[in-house]
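> Dropping a structure here in structure tokens format, bear with me for questions.
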Amino acid sequence: MLLSIRGLTKSFPGTRALDGVSFDLRAGEIHALLGENGAGKSTLIKCLTGVYERDAGEILLDGRPVAPQSTHDAQTLGIGTVYQEVNLLPNLSVAENLTFGRQPSRAGLVQTRKMRAQAEEMLSGYGLDHVNVAQSLGAYSVAVQQIVAIARAVALSGKVLILDEPTASLDSAETEMLFSVVRDLRERGLGIIFVSHFLDQVFSLTDRLTVLRNGQHIVTAETAEVSRLDLIHHMLGHELEEAEHRRHATKTAQQSVLTFDGTGRRGKIAPFDLTVSRGEVIGMAGLLGSGRTETADMLFGRTPPDSGKAHDDDGPVSLRNPREAIAAGFGYAPEDRKTDGIIGELSVRENIALALQARRGWWRPLPRAEQRELAERYIERLDIRTSGAEKPVGELSGGNQQKVVLARWLAMNPRFLILDEPTRGIDVGAHAEILRLIGEVVESGMSILLISSELDELVAASDRIIVVRDREHVAELVGEDIETDAIVRAIAASDAPAAAPAAEVAR
Amino acid sequence: MSAGIRRILPQLLTLLAVVALITAFFPSFLSVEMVDGRLVGSAIDVLKRGAPVALLAVGMTLVIATGGIDLSVGAVMAICGAAGAWAISNDYPLVAALLIALAAGLACGLWNGVLVALVGIQPIVATLILMVAGRGIAQMITEGRILTFSHDGFAFFGSGTIFGVPTPVILWLAVGILFTLLVRRTALGLLIESVGINRRASALSGVNATVLLVFVYMASGICAAVAGIVATADIRGADANNAGLWLELDAILAVVIGGTSLLGGRFSIIASLIGAMIIQAIDTGILLAGFPSEYNLVIKAGLVVIILVLQSPRLSPRISAALSRRRKEPAPAGSATEARE
């Protein structure tokens, strides 16, 4: 056994994050580490990489007990980690990143030629022959950066490689490229721990899997012998309702609440027409960078449109900045909830009350009792897992942070709510709850623009789906056409004039 | 223990420790007597001499809470003092002179606020401009000399007393209380903190970050104006070169000792005021203890380092952990489902 963890325990004030967890990793295997947010995956990894000091238990590497005190320590021992956010320096060259901290030098001066040769050698075998190591790392795609990070980790450590959500910001081609690298590394005899929320990837890539739940070890099994349903069962501890509620069968034309005519912004998204009906969910599909988020940012006035106009029954609607959009009854839960959504150090209560307070104006504070009542109501309604309304929201898990952002907007009772990747990076349970919530609020008449890269989710939740490609709205699917294959076809369709969906745009 | 007290407890304890230290060297430090209808004593002196820094610290707290910094406050003090002195020596009525000084402070704050919030210059650079140029402006007002005046009404703000308490003390208490009420009884405090922690997310939630930023720099400007009035009234003259010199650094230090992070976010005006008093107590205490004056700055720096190390986020959990071990607290019960990844 390459790596063996026995009875690992780690507590934080108020929480036992890991409770006697055991975990084995063989040489030459890819081992998935799974669990909901808060299950203890990250804590386990941080104990392995020396970020946290464990309270109890032992870690055996090649049969010898180890106790890494820092990430550097862990690297020297042979445990390397690559995180979702690449932790390299984009402004340095690829070669400098690869050899960082141990550049070949003579008399204190870096020997650039030798460094580049070393870097090229480190990169060989990763299929990155087109990469110029003298070029700055930031010039390459996230996938290439990710692989450079892996090459560096493998060269430094070489026994255990931990991949923490490596595919979260990659598209499917990039993911496949990364996977072939990971498979090669398995052939070379590395033990690889793979953390991901994408179950498809777990099934296609990994040999074995281990599920944690609430800090406890639930199961370890051969991936091939586990069914998807069983896996979800292990992760959740309760059966996920199999039958997804499909509401898009037939919906008759409804009263429209908002109309956008030729709305667009040069360099961001080509002008498009869109009519939003009361109580409908408009799905938006497309690859990363295709113009999904750009559409959302524009509709909410963050990068205001430079063409077209929006109006409702009462007349024109101005969207020059978020405040105007909010005044028009819009809400927006952005894609990156850490930088654009939550106010980390403020409490759950303050985060929920923030938009409401901003609309009331600073001179009319929302009374503390009302804020608390509001927070308690949404904590209960959205099942936000927190020890209380006064806990800083930054200390919650990702799914719960997302629920807080949703609560902030639901408290405003907007008529048009834009949700950009509301379920990204959150666990299966919270995922289902958020979809259920979407169904619930549209019943009350709210309209939703749901942007997602999970096609199943779009198909399950949307009344119609807009497909964006190359910063243009290229297709709209309604009724029977809403199925994953049709979406994929629309995304993949070339710009041939025969592309039928193009006619739909100007609907 | 209420959350409010717990927030300022470290500062209170530090102040107590500093006062105890001074009293050990200089036993009569705390004795206060009434002479000719005014309170006299070393402690009163600390409260009075600390007024300019305390006043600056009030505005500085709000600026720092937004993640900014205002280096110009010392120079703004000089400008406002010069403007007030100019007005009073040109026989303007007292109220007009005061209003001119305050308006000058507001204008300076507006300038800083516009540079930071609208033009988008980094606060440290934006306020550096006025820090350098401000003394020049003040010198132009005083025409390069020390502009003296003899107006008892204006001088009252520096050397007068109200019920025996020096006016500057009343002023910084009043400004501190006023601003505390202003930000805590309205939603300003919450909105300032939210902008300071995450401006992007706040703006997306509809918070008008631009207006808030201009507001905090104007608040800082008006606090500097009051401090300038006090300093000018105290010496009955406007000294463009020396009024408020280096006080911006003491004000920033007061805010830092008060536990407000330079990165922005949660703030406490009261804690900053206590911080200002800690600094002044150290200054006065070193003099009283009879150290040669050349030792002052080094001793002060040493004490400040000790205070900041004790309050540092890395160290303070260990200290409180050591304390709680002794108290043998029962482990707090908490749900294991909470995020601790």
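First residue shown is number 1, and so on along the chain.
Cβ atoms are placed via backbone N, Cα and C, with glycine included.
Heads up, here are the entries from TrEMBL:
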type     : residues  : note
TRANSMEM : B:12-32   : transmembrane segment
TRANSMEM : B:53-86   : transmembrane segment
TRANSMEM : B:92-117  : transmembrane segment
TRANSMEM : B:124-142 : transmembrane segment
TRANSMEM : B:154-183 : transmembrane segment
TRANSMEM : B:204-231 : transmembrane segment
TRANSMEM : B:243-263 : transmembrane segment
TRANSMEM : B:297-316 : transmembrane segment
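Just tell me what is around each of these and how deep it sits.
With a cut-off of 8 Å between Cβ atoms, the residues of this chain six or more beyond the transmembrane segment (B:12-32) that come close are 39-44, 257, 274, 277-278, 281-282, 284-285, 288-290, 303, 307, 310-311.
Distant neighbours of the transmembrane segment (B:53-86): 97-98, 100-102, 104-105, 108-109, 112, 116, 123-124, 127-135, 137-139, 141-142, 147-149, 154, 171-172, 175-176, 179, 183, 192-193, 195-197, 199, 212-213, 216-217, 219-233, 237-241, 243-248, 250-252, 254-255, 258, 260-269, 272-273, 275-277, 279-280; these residues of the same chain sit at least 6 beyond its ends, with a Cβ under 8 Å from one of its Cβ atoms.
Cβ atoms under 8 Å from those of the transmembrane segment (B:92-117) belong to residues 59, 68, 70, 72, 76, 79-81, 83-84, 123, 126-127, 129-130, 134, 151, 153-154, 209-211, 213-226, 228-229 of the same chain, restricted to positions at least 6 beyond its ends.
Below 8 angstroms of C-beta separation, residues 10, 14, 18, 253, 256-257, 259, 278-279, 282-283, 286, 291 of the same chain, each at least six residues beyond the ends of the transmembrane segment (B:297-316), sit close to that stretch.
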> May I ask for the residues of the chain that lie six or more residues beyond the transmembrane segment (B:243-263) and have a Cβ under 8 Å from a Cβ within it?
7, 10-11, 14, 52-54, 56-57, 60-61, 64-65, 67, 69-78, 81-82, 131, 138, 196, 224, 227-228, 231-232, 270-276, 278-279, 304, 307-308, 311
